[in-house]
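Read the structure below first, then the notes.
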């Protein structure tokens, strides 16, 4: 295949920033914030995960050199501010977009970590961080329960996608194939989980023995 | 004018750290914390924004080399711990000080980003981050609604000040003039907004069509 | 004494990561999260403080080169998920472990900062950050009041331990002696405070004058 891969990846990268930003801006709309609140939530959700990844890896933060993703998030915020009611109505498309973005950045984060010389554990962690930290900050600032407090298949999908991608790269598969397989796994898992209402089993506290601990 | 600019800037820098720290310590007093709670809130509010800015820019964190701002924040916390009732009573002066600090660090953050080679979007973002992230962490840890959830003219003032400063520098104006103009714009806007009770218009959710979306 | 110090320190380091991770996983169990929720809380609590320390110091993040601490946190999360009821019942041992971990990383953080060339204020701050930031993130994400909102002797113990360690190193005492003294002070203070129910005095707002401030 002879697709021009770099511009394709850049375009996909923007799609995932925009999809994350849209979920951030929709939180701002539920809180009935002003336009700058929309921008904050969109930008933090859109680039928060990748920023955390780059800081931990010790790499230059990706949007400092080329702020296109930030500008895309700001535009998403502005569009959402004027069209949030339409987007709420089409929330299922946002969920698809968000699943697409999550699956994409899970493998992008993993590949970036491997390129930076990280081992497999760190690479998977970076995929998970890129996909989830933006949303966690969004929900913490918006006083909503974040993905780590819900039992949706979201963190799990990004982790399995990142793991598949890392395992394939380390076992000598081509990067494109590894990325595509990891992306496909994460995306499919998330979409099927949304469709079927899957969730992970919760820890249920057992009734303890009598005489529960009374502190120290 | 032949003012010794460097010591003047250093002094102004301390004034803004102290004013942010005071707003942090007053949150601690409202929560009736102990003295170390005052210190945490003062330090995090006082240096949190600049720390985030430096991490993202990949610059050394400003207080690691010279911890004077941290010491100033600690002293502010101690003074506030013993005099918070007087400061609450004079809260309007804290608001003035806070507006001063916000306007100052908005242009300082912008200039630091430009010096580090950042473009105009990133430079404005750094001004806004320096001015607002400390307060956002303060409010998140203190379980209070942060500036991004309120509709005050605060983020807007710092953004317009940062934008004016960046635009003037890039159009060839002197740094001092650009800084002064940006500072004056941000400070004036904030003070007038406080005085007149200005706020930005909120997004109001429209009544949707019948049959609202039922998830996926 | 001729103990092999490096492997001993590495082992102690793991013990503190595991003890912090256990407190994180127990928050996940109280929230009845799924297994990945346990892993998030364990990893963030276990390595969050040290990660923040390394970012601020501009050092490589400690678990990127060698992810053993992250793996230890993940294993802790898995064990806790299946045995949380037993651990809740033995919560007092977790508190001892946590006190051990807090005291240890307070001096480890301080020594790492001094090695990186930081002054005494920054070194103490790094000890405090290493010992406390993981727990603060844990409590913020878990919607529980963090140590900075409670008046326990926890931050105080880590600060005094870090200060003692830094003071001894700078006054020419050996690193081992300084570390041991700082560790002993922080650990003892925390344990005695737990045992005796000590806390720091709270700031109590005084009744103000009549006519309280009415904003700006």
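Heads up, the Cβ atoms here are built off N, Cα and C, so glycines get one too.
Now, the feature entries from TrEMBL:
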DOMAIN    C:11-83  domain 'Glycine transporter'
DOMAIN    C:95-168  domain 'Glycine transporter'
TRANSMEM  C:6-28  transmembrane segment
TRANSMEM  C:35-56  transmembrane segment
TRANSMEM  C:68-86  transmembrane segment
TRANSMEM  C:93-114  transmembrane segment
TRANSMEM  C:120-141  transmembrane segment
TRANSMEM  C:153-171  transmembrane segment
TRANSMEM  C:177-198  transmembrane segment
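Outside the transmembrane segment (C:177-198) by six or more residues, the chain places 95-96, 99-100, 102-104, 106-108, 110-111, 127, 131, 152-154, 156-158, 160-166, 168-169 with a CB less than 8 A from a CB of the stretch. Under the criterion of 3 or more C-beta pairs below 8 Å, with sequence separation of 6 or more, the transmembrane segment (C:93-114) and the transmembrane segment (C:68-86) do not qualify as touching, having fewer than 3 such pairs.
Within the same chain, residues 37-38, 40-47, 49, 68-69, 72-73, 76-77, 80-81, 84, 87-88, 91, 94, 97-98, 100-102, 104-105, 108, 134-135, 138-139, 142, 144 sit at least 6 positions outside the transmembrane segment (C:6-28) and bring their C-beta atoms closer than 8 Å to a C-beta of that stretch.
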